[in-house]
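Have a look at the structure below, then the notes.
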């Protein structure tokens, strides 16, 4: 009898909650109710709210009023249409409701609350991916593309594709990011020099605009929305499906890390390699810095060589690591040794410091996962990450190196995290898309991927970032920030430069009430 009574009470409480309108906040701080008639799967429990309030950056904490866990794209569209001009249902009122903010959230890997919606509604895109029919990843019959739910992680796209012997051609270093999240920024990594960023490898999108309109777009169908959304920081619509280009998947990878003590040789070899388009060229290229005032990670190298690698870093204070990979399978096996031999003979690295591993294709692409596991075990993953990612014009990279790397980083008492340093080709980017790059044929991707672990204050690392930006400003180095977070309109206008007027026009066209992605702080 007691158990029956308890079950009845739980049923009644659940029914009561489901029949209670959800209270959120409008732009003006006014209470707005989401009416039951919208039939939305809305979560307001403390765990859901807390999970949506912070991100990988672990610097901001902005509570939404509610989290939408949609089972269909029509739920998202209903939410946005209501936000544009529904009714408040507050004390029987039938006057138009005040607008409220809406943000799509994938894996929450933003750095400064870009996927937050303070007081508004965060749309959990993972829910949408889990409900996708017939599946979150559908490979075409001919294997040339995949239709992917935007909340799907790239690692799941990879798994589904390689099962069919195909693969996307360009990747981020970390695969546990949502497809919609990277396409809203650019999606860059070691294949970008050859295939462009991930946004350059999309055939078609399904998007729900800020007005709640469900639209399919491509270079020929609704092209303004297509090009605007790709790299558009979530300002024009929520991507719900992406058609991703696929190619033949290799099975194995020759993965090399090659050490340089001379920056000029490092720079020369990197730029030569990204210019090679024949079969002897590499499929992946990145660069990293190993500095004596930071943690020197020697885990990639054979145990017998780790001591001399560490000694090389200590002797020179800084070592430049060229990281390249060449893919192969049974059909291309004969050329692999030729490529490795050419690299060993023609590159200007420190003699005896070229190291090669032979690994499965999946393991190579998923390589950062092992680093994540290590950091999690040490309690150093869920810490503040005041990262700085910038694109530096190739013509000024020597000045940047001398002023920032030698002048700032090497003079720090200690450095934390990874420093990325590698060039890419601008002609692999589509200028019609919203993403901004320096106006030069070759520009460098610089990533100061710092972590504030232990007693370190993230503000100290942020101050270093500010010094880097200030040095570039004072030196006339026209950088473009990536994954940036500006809080002043003039900074956004400067960032977009000649694209600003078009960006603003598209905002008015697709999200006139400025509801979407308020955490970017572009139109707030």
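Including glycine, each Cβ sits where the backbone N, Cα and C put it.
Given the structure is predicted, the values throughout are model-derived calculations rather than measurements.
Annotation source Swiss-Prot lists signal peptide at 1-26, citing sequence analysis.
What Swiss-Prot records for 39 (among others) is N-linked glycosylation site. Around the Cβ of residue 39 (N-linked glycosylation site), a 10 Å sphere holds 10 further Cβ atoms from the protein chains shown. Under the DSSP three-state reduction, residue 39 (N-linked glycosylation site) is assigned to coil, being neither helix nor strand.
Sequence-distant contacts of residue 58 (N-linked glycosylation site), defined by Cβ-Cβ distance under 8 angstroms and a gap of at least six in the same chain, are 382, 383, 384, 385. For 58 (among others), the entry in Swiss-Prot reads N-linked glycosylation site, with the evidence type sequence analysis.
Among the features that Swiss-Prot reports, domain 'FAD-binding PCMH-type' is placed at 60-249, with the record citing sequence analysis.
For residue 108 (FAD binding site), the number of other Cβ atoms no farther than 10 Å from its own Cβ, over all displayed protein chains, is 22. The FAD binding site annotation in Swiss-Prot covers 104, 106, 108, 110, 114, 173, 178, 184, 188, 239, 482, 517, 520, and the record cites similarity to another entry as its basis.
Per Swiss-Prot, the feature pros-8alpha-FAD histidine maps to 109. DSSP assigns residue 109 (pros-8alpha-FAD histidine) to coil in the three-state reduction, outside any helix or strand. Within 10 Å of the Cβ of residue 109 (pros-8alpha-FAD histidine) there are 20 other Cβ atoms, across all protein chains.
Summarising the annotation, Swiss-Prot assigns N-linked glycosylation site to 124 (among others) and lists sequence analysis as the type of evidence. The DSSP secondary structure for residue 124 (N-linked glycosylation site) is strand.
Among the features that Swiss-Prot reports, N-linked glycosylation site is placed at 411 (among others), with the record citing sequence analysis. Every protein chain shown contributes to the tally, and the Cβ of residue 411 (N-linked glycosylation site) ends up with 8 other Cβ atoms within 10 Å.
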Exercise. According to DSSP, folded down to helix, strand and coil, what is residue 482 (FAD binding site)?
Key: strand
Self-check item: Separation of alpha carbons, residue 178 (FAD binding site) and residue 109 (pros-8alpha-FAD histidine) (Å)
Solution: 9
Practice problem: Please give the greatest C-alpha separation between any two of the FAD-binding residues 104, 106, 108, 110, 114, 173, 178, 184, 188, 239, 482, 517, 520, in angstrom, as a whole number. | Solution: 25
Quiz item: Taking DSSP three-state, what's residue 520 (FAD binding site) in: helix, strand or coil?
Solution: helix
Self-check item: Conformational class of residue 411 (N-linked glycosylation site) under the three-state DSSP mapping
Solution: helix
Quiz prompt | Spatial separation of residue 39 (N-linked glycosylation site) from residue 108 (FAD binding site) - C-alpha basis, Å | solution = 25
